[in-house]
Each structure stands twice: as structure tokens, then as C-alpha cells.
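Below is one structure, written out as C-alpha cells; comments come after it.
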Amino acid sequence: MKILRDVYTVLFIVGLFFIPFNDFDGLSFLGEYKNEAATYFFLLGFTALGIETLFKGRINIPYKSIIFQLIFIFVLWTIVATLFNLPTVIDSFYKQTSGLSRFARQFLSLIISVFVFFTLYWNVVRGLSFEQILRLIRKTFLFSFIFVFVYGIIESAIVIFGLSQLLPILNLFEIFPFVNVSLNDIGRISSVTYEVPSLGNYLITISAWMFSYVATEKSKWRYIPMLMVLLLMFLSGSRTALINVSLQLIVFFVALYFKKEYREDITKLFLATSILIGILFTFYSQPIISTIQEKIESLDPTKKTAHDLSNRTRFGMQYASLQVFKKNPIVGVGLGQETYHKIYEYPFWATYGNWEFKYRYRNQKLKSFPSAYNIYTRLLAETGIIGFGIFASLLFICLNRSRILWIKSSDPVVANIALILLVSFVGLFVNWFQTDFFRQYGVWMSMAILIKLWQNRMAILAKNDLATTG
């Protein structure tokens with residue numbers, strides 16, 4: 001069976017590498033996963049795991065873990081909440097899609113992430129040592145990010161700085177699988193991803209792993225991956241990345257500062273950064289202030305900026321979801337059903353003069369459903385306060401256990417992985433305030449790793465208790 005384990009482990013690693021590659025035409029029956037290159041490798045990996053299961057007669061699932069139990073309960077509740085609303089679900093029809101069809105698609109999407117992929121993640125990491133988890137996953141993300149970074153820098157030179165003569169070099173990237181070279185005319189870059197927000201989402205997923213080089217390595221080059229993330233974040237123009245990666249960076253360094261062994265290095269880094277910023281402001285104060293002001297204003301929905309329509313759409317969708325929740329507070333309206341209800345709740349301030357609603361979200365000829373732009377308001381609307389409470393409990397436990405492992409673990413490798421998980425969870429959970437899909441590879445992989453770390457901690461505590469009482 002070792003060969004099958006090696007196969008799905010390799011497919012898992014290859015899938016991690018291809019997470020950012022989603023700008024290609026995939027298999028339509030995979031729905032929202034069709035353009036996700038990582039999906040194909042993870043599905044193949046799960047298939048190999050399934051074959052191994054047939055030979056062994058069992059599959060390993062961490063059913064004793066509260067994290068897995070909450071995931072399972074949440075999935076069950078999405079079914080129960082939908083059954084409570086079954087008459088309405090049957091009658092619903094919008095954008096050429098029935099309520100039952102919408103539920104089936106959304107439930108399948110949920111199952112792929114929280115069962116299919118999660119089971120693969122768990123069965124891979126449970127067979128790896130903590131050192132292997134840290135080195136293998138981080139190195140894979142690093143190689144993937146280097147590819148994304150090089151592409152993004154060349155794209156920036158063309159799109160932002162007008163060096164169109166570099167286009168033939170960029171076109172050479174099309175020799176690689178899943179790469180489709182395309183440029184936009186809005187002065188923003190997306191690298192190998194489909195769009196700017198996708199690049200932002202990818203940066204949030206890998207940033208903690210790149211930041212961790214600062215904590216684990218002694219080389220003078222250990223800051224390079226972190227600086228690469230920050231540079232690409234800035235060049236991308238992604239507001240999502242700007243908010244979340246900045247928050248992750250703060251959490252990372254604050255966490256390091258509270259451990260004595262890192263405090264001196266963090267203090268020196270802070271002083272060096274302050275001096276550098278002071279020098280830059282001395283010579284380039286006006287362009288720096290203008291750039292910062294532009295970034296801040298892009299986040300303000302009350303400002304008339306290039307992002308005004310986008311901001312009104314996002315906040316309008318979230319407002320509409322909350323109105324649906326107010327009318328269905330206990331069990332919600334059922335998984336995938338919020339759109340059928342919120343189309344009557346769009347606020348005037350969001351729709352007035354907004355072409356996105358007229359030509360996209362209210363256009364019955366376009367089958368794609370409008371995003372909720374916030375998984376939390378979506379869950380309130382679709383699963384009610386009960387479903388939201390289950391999901392929120394899951395997230396809280398992940399954050400709290402990562403924090404405990406970082407603070408109390410005596411094993412430096414375990415502690416560093418815990419810090420990576422904590423920083424990743426912070427960024428990804430906050431990112432869910434701006435996205436509404438469960439297709440977050442980093443979340444479910446991090447949960448699988450956290451379960452392994454916590455099981456190890458419980459085993460050590462039990463052993464120590466036994467030694468004490470013995």
C-alpha cells in the first residue's frame with residue numbers, strides 16, 4: 001500500500017503548487033472548481049486514497065477531533081436547514097436554476113472541500129513528521145510563489161510601467177500547463193490567476209508560510225520571501241490582499257515579539273524599518289502619501305473613487321443577506337437559497353446607477369448567481385443563527401488551539417507550525433468577510449494539520465499524567 005500512499009502524497013504536493021493556477025478552461029461539470037488546477041490533482045489524489053481504502057477495508061478519519069465533529073455537524077445542519085424550507089426551495093427559480101438544483105450544486109461544492117479534499121489532506125499529513133510538514137509544504141509554496149512572483153513582476157512592468165516590449169517574454173509562460181497569458185487595462189495585475197482578487201486570495205493563503213522563514217532560518221536571506229509577498233501585494237492593487245496580508249504581518253510579528261528568543265531580532269527589525277521609512281518619507285513624502293491615501297480611499301464606500309461601484313455592490317449584497325437573516329433568524333432559508341430571497345432586498349443606494357446589478361445580477365440570461373461577498377452574512381441568511389453558531393465555534397477553536405500550541409509547545413517545529421496556522425487562520429477567516437465560498441484550500445488543509453498537532457499535544461499530556469501518577 002506504500003506505493004498508493006506515495007502517489008496521493010505526490011498528487012497533494014503537486015496540487016499545492018498549482019493552487020494559484022485558475023485562468024484556463026476546465027471541465028464544466030466540476031462547477032466552481034472547473035478552472036482550479038489544484039482541484040484535478042487533489043481529486044486524483046483522493047481517487048488513489050480511495051483505492052487504498054478498498055484494499056485496506058477502512059479509511060482514516062479524525063472522527064474523535066472536535067474540529068472534525070463540528071465540520072460534520074455543520075454539514076448536517078445545512079441539510080436540516082434546507083429541509084425546513086423544502087416547500088420554498090422546491091418553488092424557487094431564478095437565473096434558469098431551480099432551488100433544488102442550486103442546493104445540490106452548493107452542497108456538492110461544500111462536500112468537495114470539507115470531505116473529499118479534507119480527507120486527502122488529513123491522510124497525507126498524518127503520515128508525515130512535523131519537520132516534513134513544515135519543510136515539504138513550505139518549500140512547495142515557495143517554488144509556486146517564485147513562479148507567480150516572476151510572472152507578476154514581468155506583468156507589472158508591462159501593465160503598470162508600460163514596458164510593452166516585455167510582452168514576448170511574458171508570452172513564453174504559455175508553454176507551462178494551466179497558464180493563459182492575459183493582461184488588463186486597469187493598471188492592476190493578477191499573475192497566473194484569473195483575476196486580481198484571486199491573486200489576493202492566493203497571497204493570503206501562502207503568506208504565513210513565507211513569513212515563517214523569518215522565525216525558522218538564520219540566513220540573511222530569510223526576509224526575502226516576506227518582502228516578495230509584500231511587493232506583489234502592493235503591485236496587484238488587491239484591496240483584499242492589502243487588508244488581510246497586512247493584518248497577518250502584524251499578527252506574525254506581535255506573536256514573535258511575545259517570545260523572548262525573538263524579541264531582540266524583532267526590535268532590531270522594527271528600528272531598521274522605522275529608519276528606512278523615515279528616509280523614504282524624507283525624499284519621497286508626496287508620492288508615498290498620495291499612494292497611501294489612494295489605497296485607503298479605495299476601501300471607503302462613501303468616497304467617489306474607481307472602486308465606488310464595487311464597494312456599493314459588496315456592501316449592498318451584504319446588507320441584502322442580513323435582511324434575509326432578519327426574516328429567517330433561526331434556521332435560515334437553506335443552503336444556496338439566499339439569492340432567491342435577497343433579490344427583493346437590494347438597497348436603493350447600492351443599485352442606483354450601478355450597471356453591475358442591471359446587466360449582471362438582475363440579468364436572467366446570465367446563469368451565474370450573484371456573490372454574497374461575505375460568507376458570514378451568507379451563512380446567517382442560509383443556515384440561521386444555529387448554523388452560523390456552529391461555524392463560528394469551529395473557527396474559534398482553530399484560532400484558540402493554534403494560539404495555545406504556539407505559546408505552550410516545547411517543540412520549536414510544532415510551535416512554528418502553530419504560528420503559521422494561527423497567522424493563516426487570521427488572514428483566511430478575515431478574508432471570508434469579503435468572499436462567500438468554501439473553496440479555501442488553505443483553511444481545510446490548516447485544520448487537518450492542526451488536528452495532528454493537537455492530537456500530539458494530548459498524547460504528550462496523557463503520557464506526562466501517567467508518569468506523574470505512576
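Just so you know, glycine gets a Cβ as well, placed from its N, Cα and C.
Note: TrEMBL annotation is automatic and uncurated.
As annotated by TrEMBL, domain 'O-antigen ligase-related' applies to 226-391.
The transmembrane segment feature in TrEMBL is assigned to 7-31 (among others).
Within its own chain, the transmembrane segment (37-55) has Cβ neighbours under 8 Å at 1, 4-5, 7-9, 11-12, 14-16, 18-19, 21-22, 24, 26, 30, 112, 116-117, 119-120, 123-124, 177-178, 441, counting only residues six or more beyond its boundaries. Residues or ranges marked as transmembrane segment by TrEMBL: 37-55 (among others).
Under 8 Å from some Cβ of the transmembrane segment (67-87) lie the Cβ atoms of residues 61, 103, 107, 110-111, 114-115, 118, 328, 331-337, 382-384, 386-387, 390-391, 393-394, 397-398, 447, 450-451, 454, all in the same chain and six or more residues away from its ends. Summarising the annotation, TrEMBL assigns transmembrane segment to 67-87 (among others).
Sequence annotations record features per position, and here TrEMBL assigns transmembrane segment to 107-128 (among others).
Sequence annotations record features per position, and here TrEMBL assigns transmembrane segment to 140-163 (among others).
Sequence annotations record features per position, and here TrEMBL assigns transmembrane segment to 228-257 (among others). Counting only same-chain residues 6+ beyond the ends of the transmembrane segment (228-257), those with a CB under 8 A from a CB of the stretch are 145, 148-149, 152-153, 156, 160, 187-191, 196-197, 199-201, 203-204, 206-208, 210-211, 214-215, 263, 266-267, 269-270, 295, 298-299, 307, 406, 419, 422-424, 426-428, 430-431, 434-435.
Residues or ranges marked as transmembrane segment by TrEMBL: 269-289 (among others).
Under 8 Å from some Cβ of the transmembrane segment (375-400) lie the Cβ atoms of residues 66-67, 70-71, 73-74, 77-78, 81, 318, 321-322, 324-325, 328-338, 341-342, 421-422, 425-426, 429, 432-433, 435-438, 446-447, 450, all in the same chain and six or more residues away from its ends. Taken from TrEMBL, the feature transmembrane segment applies to 375-400 (among others).
If you look up TrEMBL, you'll see 412-432 (among others) marked as transmembrane segment.
Per-residue pLDDT, averaged over the domain 'O-antigen ligase-related' (226-391), rounds to 84.
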